[in-house]
């Protein structure tokens with residue numbers, strides 16, 4: 001989960017031991033961010049939803065209120081149950097772009113593949129998540145839900161979920177104590193015991209491990225979406241402590257392609273425009289790293305008329321950059337002439353203070369990779385430089401000679417902070433999560449052991465196929481003869497399992 | 001001036017005669033809008049500048065205040081002179097992207113080509129305009145200035161101008177009476193008589209014609225930037241009433257190319273993202289009209305993965321669309337399958353109610369052309385349809401069966417309302433205006449008569465050349481031998497005068 | 001006509017006076033070449049047609065043979081009438097891509113707009129021209145035809161034309177004496193006097209002027225296709241010697257766009273591949289000149305992964321290059337690093353010996369502009385350099401240190417020499433010629449005087465519209481209301497007449 | 001090896017047993033073809049080299065001649081040793097584009113990593129192969145060489161190799177008996193026993209297995225380049241019969257990317273132009289299969305203005321097509337409207353007779369995939385259809401109603417038959433082969449067992465890095481700190497081993 005980047009210092013762990021355990025996990029939190037619809041900053045600045053989440057003057061903590069939904073239930077804790085109708089509309093709008101989930105509901109509704117499933121979930125609570133949760137319910141599951149981020153809850157959506165009977169415990173602006181209290185209320189309830197976990201960041205899983213290890217006796221599986229959470233699971237597995245099967249949905253092919261190549265292709269433009277109104281035509285840009293993220297950025301910027309060059313450490317990616325028409329350079333050779341410097345490496349200190357010193361006046365610097373340290377922002381916090389906040393997410397760093405460098409999002413992920421994620425991308429994630437739950441819940445004894453799994457190739461293909469109608473795309477079917485010739489099953493999988501790894505690159509995102 | 005589209009009903013003319021005269025002018029105001037940095041809506045929603053323009057609780061009319069700048073002058077009327085320092089910073093930021101003007105200052109500063117010029121100006125008052133005004137001052141001119149739009153003034157910029165001694169009369173949120181009062185204060189001042197007019201929309205020119213016709217005895221020329229204003233000038237000229245030379249800077253090649261092709265290429269993406277967060281990849285889009293605006297839109301959308309088709313009435317433009325890889329269709333054939341419908345024709349009722357009825361759920365409809373009537377929005381205001389405002393500039397029109405069509409900016413220009421214009425584009429306009437003033441002010445007797453002129457080709461080329469350093473572009477110079485071979489002067493002009501007309505198309509923008 | 005470039009020295013004029021007159025015309029022959037399907041070199045190397053044109057051992061001059069077609073006529077002179085059937089097939093294949101002409105036949109066949117027209121024509125005689133000639137016949141014309149180039153005749157096509165009764169006088173490999181003899185036989189025939197002239201290069205027109213000036217009494221018009229021929233006509237007009245109306249079809253918008261932007265976009269790749277098998281990906285290329293030709297080359301090379309920069313003398317074109325994503329440089333700055341240097345300027349000595357000296361080993365140099373002197377090839381013919389012909393049209397120039405520069409087509413037009421022109425492009429030219437004949441032949445008294453005219457805008461649009469069915473493109477029609485709003489006739493013209501000039505640029509093609 | 005497609009019926013095996021063994025191997029030979037510089041057809045029609053390979057009237061079999069090179073050796077058998085000088089020049093020209101091999105020579109020349117290696121090789125014998133062989137020699141190896149294809153030898157290159165002392169046995173136009181005789185002469189020679197095998201197609205390996213199994217006692221490894229050869233090796237390995245380590249260089253990442261995506265991007269245009277002179281702009285094209293080959297074709301055609309749609313069976317590839325802007329359709333839905341149909345699936349009967357029946361007049365049909373049966377060409381050999389060969393590699397299939405479909409290369413691989421492969425691509429293959437030899441020859445005891453291996457990731461990266469100087473590309477190096485942060489060795493490998501598989505797809509190439 002991406003909390004690391006937005007407020008790591010603010011969560012205090014219940015006790016020192018917890019803290020140590022957390023701190024064992026690498027700070028490298030990955031760029032899972034794209035699957036997060038709403039970060040604190042985006043909520044503040046651009047999200048349409050934000051406008052509905054009133055900053056009302058009701059300062060009472062939800063924990064101290066007694067609220068009842070129209071069916072008489074009070075097994076939830078949200079900001080204001082009265083916002084339910086408002087939230088319902090938000091959910092309906094989100095449904096328009098998430099037709100894959102709706103279609104999944106329809107296909108699987110008769111057989112109720114999640115009948116009997118008791119899912120405890122910890123994710124961002126947004127209209128898109130609500131579409132997921134309501135799909136799980138439609139498929140037969142009972143759900144209890146909490147937020148994985150203290151800022152990202154859309155209060156009216158939480159209210160709408162509570163109104164239809166989901167036990168949701170979340171509001172925007174929770175304290176840390178609230179955060180863990182909400183998680184606890186989801187897990188620790190009388191007469192209900194979870195048998196499935198859907199997590200985003202690993203906090204819920206961690207809490208259960210620490211506080212209610214016995215719950216795992218009944219749990220049939222964990223579905224985890226974030227880089228950080230997946231990393232934790234692999235650590236547990238390595239340490240022999242993972243006691244249930246877990247599904248890593250972060251690394252499914254479809255999700256990866258969308259989160260990286262396609263999403264970045266659009267969000268790099270969006271993020272730059274919203275923050276700086278810069279004109280792309282004729283701009284000289286260097287993109288550091290030519291992995292999937294870099295490829296997406298380069299492709300979009302070139303298409304809009306920028307003159308783009310690339311830095312790489314890996315000769316194979318460098319050769320691809322050459323063939324795609326990008327000059328491969330060292331940053332030092334070009335940094336003086338650039339209008340924009342964009343990092344996409346996953347590495348640290350890719351842009352150093354020395355290079356920042358050599359940039360020309362007006363150069364824009366931003367980060368599309370996963371690490372907050374790609375740009376050595378810390379090195380800019382020295383007395384001779386003046387920081388001037390000119391807009392939300394935009395700082396001018398002013399050198400003594402008057403030169404300004406324009407730093408976006410303080411070096412954090414640009415597309416997390418300064419652009420939005422289309423519902424369509426979130427639909428792919430949510431559909432993958434739903435299928436992973438169905439798979440784990442229905443898998444015959446012995447198919448999965450106490451390990452971390454990738455989604456079976458065929459289900460990956462199924463996620464993709466559910467999204468094709470959005471594009472009015474028509475698949476061709478193999479004839480029997482052709483299937484035999486190719487040695488394939490007519491219904492897939494169509495590619496070997498290892499095909500999925502194509503997007504997993506370690507040093508250039 | 002674009003007021004026509006934003007508040008035509010709100011300006012009442014001083015008397016009936018005026019009104020009639022104004023109403024003689026066509027409502028077709030052209031899409032000169034791109035040169036407008038700030039419309040009412042963009043000010044409200046996205047402009048960074050907006051955040052600095054405080055909606056302070058000081059409700060006193062500026063006309064009733066007495067303010068003095070630090071040099072003791074009170075020959076101005078702005079919201080609050082104390083905001084000057086704040087405005088100064090805005091101007092400095094704008095200067096970064098307007099280096100052509102700065103460069104013009106440097107090149108012409110020695111000879112002061114505007115020494116003795118007394119310029120009265122009526123334009124939007126923004127940081128970018130301030131850079132223009134201060135350039136005129138640096139070249140020797142005295143300036144008095146007012147706003148061409150009652151909403152578009154950046155108060156702190158006006159304050160900064162007042163502080164350095166420009167007689168500026170403008171604030172955001174003027175009444176109509178204020179509007180004409182401000183114009184009057186610029187023109188009608190003791191001991192100072194304008195000899196140059198810089199207008200944007202023609203209101204200032206009109207006022208002088210009506211109230212102070214004798215001023216024209218001293219005026220050496222009018223520089224007009226807007227489609228509407230230019231149209232008025234041609235009408236005057238035709239009627240034999242134009243009594244000074246006028247320069248039409250709207251139709252200079254450089255400006256046209258930037259306002260249409262290049263700017264639309266970027267702003268179509270920006271406008272759609274900011275309003276709808278739509279993902280472009282795989283979207284089916286029809287662009288109505290394949291002129292410069294349509295070409296810009298098509299090129300950008302295709303580059304981002306949309307599947308674009310085109311409608312055209314002109315077979316030559318249609319053939320270009322084919323060769324550029326866009327299927328040429330009739331709107332009726334495809335409208336049912338489209339994810340977006342974008343109009344760029346300059347015509348009216350290009351998208352009819354009948355076609356809106358046939359669109360699929362979730363279709364986005366917007367207008368990039370000049371006319372507010374390209375989409376027949378009026379036809380949507382019927383009882384059976386529900387309008388739901390979901391964000392600023394975004395309406396869902398809901399059919400009885402639940403189908404939603406997403407209408408942006410109520411069919412007004414998308415890029416005026418929902419995106420911003422880069423300072424670089426404004427720099428081209430401003431430089432052209434400055435050169436036109438210099439040309440008219442310094443032209444030898446007889447070069448210009450009482451007619452409307454286009455900027456000489458060579459000055460058009462000069463504007464372009466002043467902007468090349470932004471791109472670190474290095475021009476090649478003709479050798480003597482080559483110049484002779486080509487029959488060209490080594491310093492230009494390099495193209496025949498008629499070359500400029502290439503972008504002037506009547507039916508598809 | 002482009003003969004200038006291919007064999008100017010080889011035609012000797014009948015007398016010294018003729019020669020002088022010809023030599024008055026500038027050597028700048030323009031790049032009209034693209035409308036030439038078959039140049040000497042392309043015939044030799046690549047044209048499919050070439051393979052059918054047997055280099056039979058029949059060495060008898062056609063002038064000495066007596067041949068009769070199947071209808072008993074012998075009013076023609078071709079290589080071998082027996083090849084007629086073979087030529088018929090060639091014509092049928094060409095018809096497939098020239099459906100606009102076929103469609104014109106169908107539309108106009110009933111009214112026979114050329115009934116009574118006696119057309120004498122002088123063009124390349126290829127399958128595509130045959131489709132034109134047979135269209136003229138179908139529309140009612142009688143035709144006599146000869147070749148405008150001593151090498152370009154497809155013998156079997158000439159035979160096929162002779163077989164159906166066209167009086168054709170042409171064969172491949174004519175001597176100069178043959179050339180003028182053939183022209184004479186077309187013009188000077190008993191009982192038949194031309195009333196229309198269709199010329200390509202101006203030789204036929206010149207001959208009539210010199211030998212049979214009285215013919216002009218009956219001639220209703222000249223249609224001329226080549227830059228050189230058009231230039232001659234303008235000279236005649238200027239000198240007051242033009243005694244009939246002439247139509248310049250070279251400068252019609254549709255033809256220009258196809259001959260330059262679109263055709264070069266494809267032929268630059270084709271010409272480079274066929275000669276050098278070079279891989280484009282990652283290649284560093286400088287394109288000299290960013291007019292229509294340069295734009296076409298840049299667009300194609302960039303799309304295939306080359307890294308392209310541009311040189312320009314005109315700041316407006318330079319600014320366009322910047323905005324389109326091409327770095328604007330001086331040739332001297334980059335020439336050492338380039339893999340390819342391509343000239344598209346129309347100027348001379350754009351690439352000098354000094355620059356050739358500085359190119360790196362293996363650099364490819366070629367010319368896409370109109371002048372044979374863009375690359376200073378003459379400067380390479382010095383003793384210290386070795387020329388090595390490695391393929392047809394490909395020379396290695398070897399420096400004393402072993403460095404090789406790869407020169408294509410000896411600096412002549414690459415796409416004339418080393419690639420082919422699609423029938424579709426020729427169809428546009430041929431349709432324009434046919435319409436120009438119809439227009440001149442049917443124009444009411446007084447519409448055209450003794451001057452050179454451009455095709456009326458509306459007919460330009462008609463040419464385009466006839467080619468839209470090839471793309472299955474569907475035009476939108478204006479409603480009455482819309483036409484009125486736009487001030488246009490529903491049937492066009494849709495653009496002002498000056499719109500055509502957009503492609504006419506003098507210094508960068 | 002690709003002989004399967006070009007002359008499978010012509011090789012008769014020495015005995016029935018051999019034949020059976022061969023026939024155990026699948027006919028699916030893969031599209032390894034791109035690494036073949038010269039197929040029979042390309043030699044005939046387009047290769048520049050072809051022109052130098054004289055079809056001299058010397059009909060004496062090389063086996064019956066006695067030839068001696070300038071050093072007195074006669075341990076070779078080529079067409080004509082006197083052509084050596086001519087061949088030398090060909091090799092020098094090839095060296096220009098194969099600087100990676102030259103660079104490898106320089107880097108490794110001091111240490112002679114192949115000192116003591118005795119390499120027997122069986123490949124196409126072309127100028128590019130000669131650069132490889134001479135590199136091996138420079139690194140210390142002794143080489144004996146023969147041809148893997150009876151048509152593909154460039155005689156003058158073979159002579160040049162013989163002249164410098166390579167024992168080469170090969171000429172253009174061998175009989176089958178010659179073919180095996182040459183292989184035998186390479187292997188079975190007194191006083192010399194091979195310790196390394198470099199094979200392309202597996203025939204050499206097979207011969208050694210059959211005739212001289214004892215040779216394997218000394219052989220340290222086999223390097224195999226073709227799909228067929230690799231398949232044979234895996235079969236041997238599976239059957240427990242592989243008795244030495246073998247390196248599969250066919251599936252190295254770099255080679256795959258170049259052979260598929262990048263090469264097809266260029267060769268689809270080249271192949272279509274050379275055969276049909278078709279104009280791409282505005283053409284409607286369907287590409288069957290959106291794997292790497294399909295992606296390359298789509299990208300190029302779209303860039304040149306074609307309107308491209310795609311068929312797919314795999315929903316993930318289909319979703320990629322959507323996001324890349326290609327409509328995903330079933331062939332049946334669109335086949336009637338297409339101007340071109342291109343297969344890239346690797347499957348059979350992708351285009352059926354029924355679909356061919358429905359194509360429109362003039363539709364071009366060709367195959368870029370690996371199987372010769374993607375288009376059901378056999379179904380077109382029926383009496384009612386007329387085949388007309390209009391050019392080399394181009395047939396018109398004529399339906400009774402006169403409709404023509406244009407079939408290229410009789411449905412065989414277009415880029416094998418109708419375009420050429422740049423030396424740069426061959427350089428990547430050759431460098432990979434050289435490194436594989438070095439690796440196997442120098443590997444410490446135990447690193448490789450009797451199995452088939454992929455080239456170690458790091459060597460793949462090394463191949464790429466050797467080619468970067470061609471593009472003047474500058475790699476960035478990790479700092480110690482960064483390498484530690486990323487958990488990488490500063491010198492690579494930079495990606496996990498499984499990364500290579502990204503391009504291996506089974507059903508859509």
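FYI, residue positions are counted from 1 along the chain as it appears here.
Just so you know, glycine gets a Cβ as well, placed from its N, Cα and C.
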Please state which member of A:155, A:188, A:415, A:442 TrEMBL lists alongside A:291, A:292, A:293, A:294, A:295, A:296, A:312 for binding NAD(+). A:415
What's the CA to CA span in angstrom from residue A:312 (NAD(+) binding site) over to residue A:259 (substrate binding site)? 21
Taking the residues the record says bind NAD(+) (A:291, A:292, A:293, A:294, A:295, A:296, A:312, A:415), how far apart in Å are the two Cα atoms that sit farthest from each other? 22
Could you tell me the C-alpha distance between residue A:292 (NAD(+) binding site) and residue A:259 (substrate binding site) in angstrom, no decimals? 9
Would you mind reading off the Cα separation of residue A:293 (NAD(+) binding site) from residue A:259 (substrate binding site), to the nearest angstrom? 9
Considering Cα atoms only, can you say which of A:291, A:294, A:415 is the nearest neighbour of residue A:200 (substrate binding site) among these binding-site residues? A:415
Candidate nearest residue A:259 (substrate binding site) in space, where candidates are the binding-site residues A:291, A:295, A:296 and distance is Cα-Cα: A:296
How big is the Cα-to-Cα gap, in Å, between residue A:126 (substrate binding site) and residue A:415 (NAD(+) binding site)? 18
Around the C-beta of residue A:200 (substrate binding site), how many further C-beta atoms are within 10 angstroms, looking at every protein chain? 29
For substrate, whose listed binding residues are A:126, A:200, A:225, A:255, A:259, the greatest C-alpha pairwise distance in Å: 19
Over the span of the domain 'S-adenosyl-L-homocysteine hydrolase NAD binding' (A:260-421), how high is the average pLDDT in this prediction? 94
Neighbouring CB atoms within 10 angstroms of the CB of residue A:259 (substrate binding site), all protein chains considered, total 26
Validating a neighbour-count step here. Other CB atoms within 10 A of the CB of residue A:292 (NAD(+) binding site): how many? 24
For the binding-site residues A:225, A:312, which one has its C-beta crowded by the most other C-beta atoms within 10 angstroms? A:312
Whole-number Å distance between the CA of residue A:291 (NAD(+) binding site) and the CA of residue A:255 (substrate binding site)? 16
Taking the Cβ of residue A:415 (NAD(+) binding site) as centre, how many other Cβ atoms lie within 10 Å? 27
